[in-house]
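These come from Swiss-Prot:
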- A2: N-acetylalanine (MOD_RES)
- Y6: phosphotyrosine (MOD_RES)
- S7: phosphoserine (MOD_RES)
- S14: phosphoserine (MOD_RES)
- S16: phosphoserine (MOD_RES)
- Y24: phosphotyrosine (MOD_RES)
- K70: N6-acetyllysine (MOD_RES)
- Y76: phosphotyrosine (MOD_RES)
- Y121: phosphotyrosine (MOD_RES)
- K171: N6-acetyllysine (MOD_RES)
Amino acid sequence: MAERGYSFSLTTFSPSGKLVQIEYALAAVAGGAPSVGIKAANGVVLATEKKQKSILYDERSVHKVEPITKHIGLVYSGMGPDYRVLVHRARKLAQQYYLVYQEPIPTAQLVQRVASVMQEYTQSGGVRPFGVSLLICGWNEGRPYLFQSDPSGAYFAWKATAMGKNYVNGKTFLEKRYNEDLELEDAIHTAILTLKESFEGQMTEDNIEVGICNEAGFRRLTPTEVKDYLAAIA
């Protein structure tokens, strides 16, 4: 009850030491579509559920797995409009880095800068935290990277993780299946199986998205490729 008076203030701590608006933002993430990231020995895979709004909806108009540079991509759980703002900011940050240094931005540098943007929205008046968590993958210095950033601006490197709806089940499944010698092909199968743990209804190439990142760069798998992977695990 004592927390209620602080729930509308972003910049004021509650008596228990919480910023309640951040707690609400994390709740938006936990209620969002599940997403999975797995770092393999030779690349990274991102996978997420993509709900079909209507048979009239043009699914090519909006994607959940997005490239930022040739070697970095990301996915989200939470609020789609907030995600698209962060995608735009991430691309702009990557372009600014390239203009200054004439080389692609390292994955860890981009994660740090995007997380700083998210953190600024936890201590400014007249704004609210972003209602998304991001999984950011990349390839540089001859190795793969996977990071998660949450609405507070905190970020961590991961070997494999799940977020969004039923993320606890996803993480438990990954803990049983993951090993550091995993190849990218196996990681793709594992990511899809992890999504399947909490998937409602029939999983098809139209309601999930998968992205991969390796030495060749980042790309989103085509629906035909996703269909083949689904057939392989059926």
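Glycine is no exception: its Cβ is also placed from the backbone N, Cα and C atoms.
Distribution of Swiss-Prot features across the structure.
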residue: S14; record: phosphoserine; Cβ within 10 Å: 16
residue: S16; record: phosphoserine; Cβ within 10 Å: 9
residue: Y24; record: phosphotyrosine; Cβ within 10 Å: 14
residue: K70; record: N6-acetyllysine; Cβ within 10 Å: 15
residue: Y76; record: phosphotyrosine; Cβ within 10 Å: 30
residue: Y121; record: phosphotyrosine; Cβ within 10 Å: 19
residue: K171; record: N6-acetyllysine; Cβ within 10 Å: 17
Discussion item. Spatially, and counting Cα to Cα, which of the modified residues is closest to S14 (phosphoserine)? Options: K70, Y76, Y121, K171.
Written reply: Y121
Item to complete: Compare the Cα of S16 (phosphoserine) against each of the modified residues Y24, K70, Y76, Y121, K171 and report the nearest.
Response: Y24
Worksheet item: Considering only the modified residues Y24, K70, Y76, K171, which residue has the minimal Cα-Cα separation from Y121 (phosphotyrosine)?
Response: Y24
Worksheet item: Nearest to K171 (N6-acetyllysine) by Cα distance: which of the modified residues Y24, K70, Y76 is it?
Response: Y76
Worksheet entry | Secondary structure of Y76 (phosphotyrosine) (DSSP, helix/strand/coil) | strand
Practice prompt. Please report how many Å separate the Cα atom of K70 (N6-acetyllysine) from that of Y76 (phosphotyrosine), as a whole number.
Written response: 19
